[in-house]
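Trainee: Take this structure, written in structure tokens, and hold onto it; I'll ask about it next.
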């Protein structure tokens, strides 16, 4: 099985919250797709609570589109990482890490401004596979944490995993 790019970076050196360009690729038609690692937590030291990350998934996707889409950028998908330390965001275009960080911070402000659980989009059994597993309070605590700590940039060249550790 091929080793995925996400496992070629040293998770012990990652900062959080931080944005990282995880991958770029060009489609056959010439569009650039960029995948960003939006790391909310320091790997193996912090973890996002399941209800909070789920609620954040519902809110973050819309808010990031509000703040980042346009001028050659269109978000394809924002999905939580299985390890619950962040999200991957795939988009068409090549925004800078700073543009992504600014949109992320603005989105966290938006999460903090959601008044009650009834305002969470798609929060029903028809549009959500686990619609009862949500917590606006947890999502807002995650957002507050990001706002308090700010968003750094994780650079791939600083996180390259030593070859000797690849299958440790």
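Each Cβ is built from the backbone N, Cα and C atoms, and glycine gets one as well.
Grabbed the feature section from Swiss-Prot, which reads as follows:
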- 54, 58, 128: Fe cation binding site (BINDING)
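Could you place these features in context, so I can see how deep they sit and what lies close by?
Mentor: In this view, residue 58 (Fe cation binding site) is surrounded by 18 other Cβ atoms within 10 Å of its Cβ, with every protein chain counted.
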Trainee: Would you list, in sequence order, the residues of this chain other than 54, 58, 128 that have their CB within 8 A of the centroid of the site's CB atoms, where the site is the one recorded for Fe cation?
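Mentor: Result: 55, 57, 120, 122, 123, 130, 131, 133, 134.
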Trainee: Near residue 128 (Fe cation binding site), how many other Cβ atoms are within 10 Å of its Cβ?
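Mentor: The answer is 17 other Cβ atoms.
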Trainee: Below 8 Å Cβ to Cβ and six or more residues apart, same chain only. Which residues does that give for residue 54 (Fe cation binding site)?
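Mentor: Those within reach of residue 54 (Fe cation binding site), by Cβ under 8 Å and sequence separation of 6 or more, are 80, 130, 133, 134.
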